[in-house]
Amino acid sequence: METIAFRMVLNPGMREEYERRHAQIWPELVDALHNAGVRDYRIFFDPDSHHLFAMLTRHNHHTMNELPQLDVMRKWWDYMADIMQTAADHTPLQQPLEPVFHLNSLS
């Protein structure tokens, strides 16, 4: 298992809508993420910067790189494009975050 984190940016004033949409996440999208090896996916919000900080655990043999080819993933990104920063194809703009500390890794 591997943990990764990344940052995205939510448009100002869209926190409640972002939370509402995720509270009603499509079951077929949940299945696609699970089938790709994604586990324990969490997203945090910084109200001062409008940044979203995502963290997830994935299997070592994950297939996350195939998610952008799935219709359900593309439709979800289209659905979310009006409330967050995205590329022209509606892929969310993401900045990978580097780990700098992990308490469990201490001996």
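Each residue's number is its place along the chain shown, starting with 1.
Using the three backbone atoms N, Cα and C, a Cβ is placed for every residue, glycine included.
The feature substrate binding site is assigned by Swiss-Prot to Tyr18, Tyr41, Trp76, Trp77. Residues or ranges marked as active site, proton donor by Swiss-Prot: His22.
Put simply, the residue listed as 'active site, proton donor' is 10 Å from Trp76 (substrate binding site) when counted between their Cα atoms. The Cβ of Tyr18 (substrate binding site) has Leu10, Phe45, Leu52, Met80, Ile83, Met84 as same-chain neighbours under 8 Å, each 6 or more residues away in sequence.
Residues Tyr18, Tyr41, Trp76, Trp77 make up the record's substrate site, and a Cβ search at 8 Å around their centroid adds Arg21, His22, Ile25, Leu29, Met80, Pro92 from the same chain.
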